[in-house]
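Reviewing the structure listed below.
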């Protein structure tokens with residue numbers, strides 16, 4: 001940079017105070033001899049002497065220093081928290097960086113650092129702030145992309161009750177508290193500032209809840225789904241309250257906003273149709289063209305500008321457009337893969353950190369002294385916020401209890417509904433820029449948001465039991481619903497025929513319909529990217545073969561036979577072996593399945609005598625699913641066709657072994673579905689422990705089975721009941737051996753007979769714990785028959 005340009009630069013940046021004072025609020029222009037964004041290096045200062053500029057005074061190096069410093073610091077905080085086992089969200093680490101930088105460089109007497117981090121806005125355009133705002137909007141768009149718009153329907157009235165009460169009651173309490181203060185004392189804060197504080201505390205935006213739950217890896221839990229749904233309810237409620245406030249002040253403005261929203265709704269609908277068209281024209285397994293991704297980003301920022309101009313809080317427009325993008329592969333997942341990590345790692349930290357740097361930290365230090373004397377901004381703010389927070393926690397907690405959510409989860413829900421994060425920070429910054437709150441109130445609210453975002457995840461981590469993350473509040477089993485909602489897992493081509501045979505035996509009908517999701521699991525090897533394909537949305541490219549062509553064609557034929565009573569949806573998941581059980585459980589949870597069907601890890605030759613495969617990876621998968629499943633699970637040991645011929649009229653002889661217990665009840669419920677099939681001959685073999693041999697106990701035991709049998713008498717019912725009194729496991733083994741050739745399929749509960757005389761002594765010889773004591777005996781190579789076995793475990 002030459003001396004002339006350096007002189008102009010310094011005069012413009014450092015010596016134009018008088019010119020600014022003369023011009024007042026009017027703008028003025030000056031012309032640089034040369035426009036330079038980047039420096040000539042550290043040697044410039046040495047060559048030009050006092051007339052030269054340091055490299056950090058140029059806009060581009062300054063921006064690079066800010067980005068690099070904030071990135072390194074927030075990553076350092078994030079790794080430190082993980083090492084310590086403290087579950088602090090990423091955005092909280094970003095805000096913490098801003099607080100540390102402001103305190104550190106504000107007190108240090110190092111001009112270059114002050115100039116870069118504290119006073120950069122005085123001498124250059126707000127490029128870092130603009131990039132941070134860009135990232136904030138993009139983050140809202142991506143949150144919309146990952147959102148399942150049907151989540152509220154799945155949560156039902158629970159989320160509506162919690163969402164409405166957790167916003168309305170704190171809002172009213174905040175207004176009453178302000179009114180009482182206004183009458184009893186002289187306030188240093190304005191009514192508008194109290195309104196902003198009350199609104200900030202009453203809101204629980206979906207994006208903040210989703211961000212918190214995602215960072216804590218509990219986003220798919222039942223209470224996590226309810227919390228997100230409740231967040232959506234508060235978003236809608238806040239929208240209508242805001243529009244109502246505009247209408248009450250100016251009816252014309254309210255009408256304009258209503259028309260603007262209707263126009264935007266039509267626009268979102270058209271975008272949704274366009275996105276579905278993109279998916280339909282993207283071949284199965286192929287990536288979406290980049291041009292569609294760029295169009296999506298452009299539309300997101302246009303939506304932001306539209307909402308900023310005609311509605312309010314522009315990021316909501318980007319979020320609403322994100323909802324129009326079908327979540328999951330192939331389109332939604334690509335948006336996340338391409339933009340989320342880069343945005344969250346590089347650009348979003350600028351928003352979180354620079355927002356905290358804007359706070360007046362010297363004022364905060366001063367106010368700590370005034371707070372002890374019970375007056376001033378800090379006293380008013382920090383005596384107001386906890387009261388509204390307690391009101392919000394209490395209403396959320398009580399509403400959760402009222403909707404029959406367990407006590408511990410109700411407490412966690414109350415904590416989640418009080419979380420504060422990026423939305424609240426963006427909202428108070430917007431209020432400050434529009435002169436609705438002062439810098440002092442902004443500083444106090446910023447500190448509260450930081451402290452809240454630090455303590456909330458710690459409280460959740462302390463209260464939450466991660467081993468129960470797949471547990472559902474409602475019972476998901478076959479006894480609760482007449483409709484079978486089954487998730488069939490296909491690991492190998494051999495599983496296709498066996499699973500179709502089993503589904504055929506369950507006899508889907510108009511009175512007892514079946515909704516079946518078929519999940520083809522393919523193990524990823526090497527460094528390939530996990531992929532999830534919905535075969536309802538994507539079709540193979542003409543001339544190419546699908547990953548799951550055999551699976552698709554086979555189950556399509558099954559659906560054609562049962563077209564009026566069975567609904568089949570097919571999916572393919574390419575993921576690593578160690579994550580397959582997580583994929584199955586999450587998918588079953590999201591689809592509302594009440595039965596997961598898995599294949600046993602061993603396969604036999606057609607005669608059922610020689611083992612040809614013993615897949616220990618599949619066995620590990622089955623064990624993990626049994627431990628974590630959100631619904632009932634069935635493991636199918638397929639040793640020979642359960643239908644003797646391929647003709648539809650061929651009979652299938654099924655034996656249900658019933659001892660008692662929850663697993664046997666679930667097996668009985670599954671057998672009830674099979675009774676509707678005219679080709680199924682069902683026998684209930686009741687093994688009665690000698691402890692039940694007295695008349696009263698036997699009568700109670702019999703009623704447990706007879707209740708199911710007589711509840712729904714069907715024409716042509718071919719089911720029978722056979723009773724045996726058993727003294728020990730040896731007698732049980734003899735009975736089962738005696739009937740081994742009489743049946744094609746045995747159904748038994750996994751924990752059937754455990755702790756009773758029926759299985760005494762048999763447990764010592766058990767080889768496969770996933771089959772239970774009796775199931776292991778039936779599947780043993782020493783069992784004379786080669787009948788297939790279905791082992792059922794009820795949801796725990």
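Heads up, residue numbers simply count up from 1 along the chain you see.
Glycine residues also receive a Cβ, built from the backbone N, Cα and C atoms like all the rest.
For 54-74, 93-113, 131-151, 159-179, 194-213, 223-243, 259-279, 310-330, 344-364, 382-402, 411-431, 444-464 (among others), the entry in Swiss-Prot reads transmembrane segment.
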Residues of the parent chain within Cβ reach of the transmembrane segment (159-179), under 8 Å, 6 or more residues beyond its termini: 152, 191, 194-195, 197-199, 201-204, 226, 229-234, 237-238, 384, 387-389, 391-392, 395-396, 398-400, 402-403, 413, 417
Interface-richest range of 194-213, 259-279, 310-330, 344-364, 444-464 toward the transmembrane segment (382-402), CB pairs under 8 Å: 194-213
Remote residues contacting the transmembrane segment (259-279) - C-beta distance under 8 A, at least 6 residues beyond either end: 243, 288, 292, 296, 299, 303, 306-307, 310-311, 317, 320-321, 323-326, 330-331, 537-538
Recorded stretch, among 194-213, 223-243, 310-330, maximising Cβ pairs under 8 Å relative to the transmembrane segment (411-431): 194-213
Touch test for the transmembrane segment (344-364) and the transmembrane segment (223-243), at least 3 Cβ pairs under 8 Å: no
Close approaches to the transmembrane segment (444-464) from elsewhere in its chain (Cβ under 8 angstroms; 6 or more beyond its ends): 86-89, 91-92, 95-96, 99, 196-197, 200, 212, 215-216, 218, 355-356, 358-359, 364, 367, 377-378, 381-382, 385, 408, 411-412, 415-416, 418-421, 424-425, 428, 437
